[in-house]
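Feature annotation from Swiss-Prot assigns active site, proton acceptor to 35, 244. The N6-(pyridoxal phosphate)lysine annotation in Swiss-Prot covers 35. Summarising the annotation, Swiss-Prot assigns substrate binding site to 130, 292 and lists sequence analysis as the type of evidence.
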């Protein structure tokens, strides 16, 4: 079979959620971010696993994502939508009982006129300049917005992956200035904010990347293994090139495995002649260019060529691969292609 297998450990995701939950006080609720199809790992199954672990609030990017998660979970858990109440979202918000995080005065007006009485939250801009009501806007609308009974006041940290960055304290101060005394539950922290400490936790945290094994949660359990099938093996003589543009040439007689995955499957071309795959625990260098559907790997040192080689797993996390590619683990995870066969179960040692 020429289809790669992406193994996703739901128990590890649940364990990561519990570990992050235990870092906060008992009166602080821990939500879960399942946007972008749970960072590419399958929101329906991931949300079920997190609900079993105890999560009761889920966060998605769009109302369409929220509808998918509601179909998977049924009634009960709250599903919050970061993009708020966009034009055309009214029916989805109503029919799937979604809670939009309203980001602007236009969105407040739209929501109150179309769905007065429907739950909502408010996103405030504490300095990231991306989404949310700015301090001046919030001052103008806070009175009637709070009177309408928001479920949550939230903001988002720009630099929480760097605990020493001064922006963290600046945003904390700005958020408190806008929300102290409101009596409404507050949320400022995703994974990085949880790790900053209790001052950033408030009444609700909303971890995302930490659930899926990513930085900055260094103690996270590995969540994914990506095993790529070997299609063909050949002997390459000294001086013979491999792959497009002859970017790699054999310096000695080499055994080269051609493996079924490429940039169409989310493996960036920047991995060309830089990445490492694994046969069990044995590293094998990627040689030549990453092409659309194929990569080539030097397996000369293996006593026997296996049926598959791993590019993600316990020996190489998405963050490790991202370092090699010059990107971030988020991008590696969310780019994992549709051609992979997704399997849910424990990661083999």
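First residue shown is number 1, and so on along the chain.
Cβ coordinates are placed from backbone N, Cα and C, and glycine is handled just like the others.
Here the features listed in Swiss-Prot are placed on the structure.
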{"residue": "35", "record": "active site, proton acceptor", "Cβ contacts under 8 Å, 6 or more apart": "59, 60, 61, 62, 65, 82, 208"}
{"residue": "130", "record": "substrate binding site", "Cβ contacts under 8 Å, 6 or more apart": "156"}
{"residue": "244", "record": "active site, proton acceptor", "Cβ contacts under 8 Å, 6 or more apart": "288, 289, 291"}
{"residue": "292", "record": "substrate binding site", "Cβ contacts under 8 Å, 6 or more apart": "262, 263, 264"}
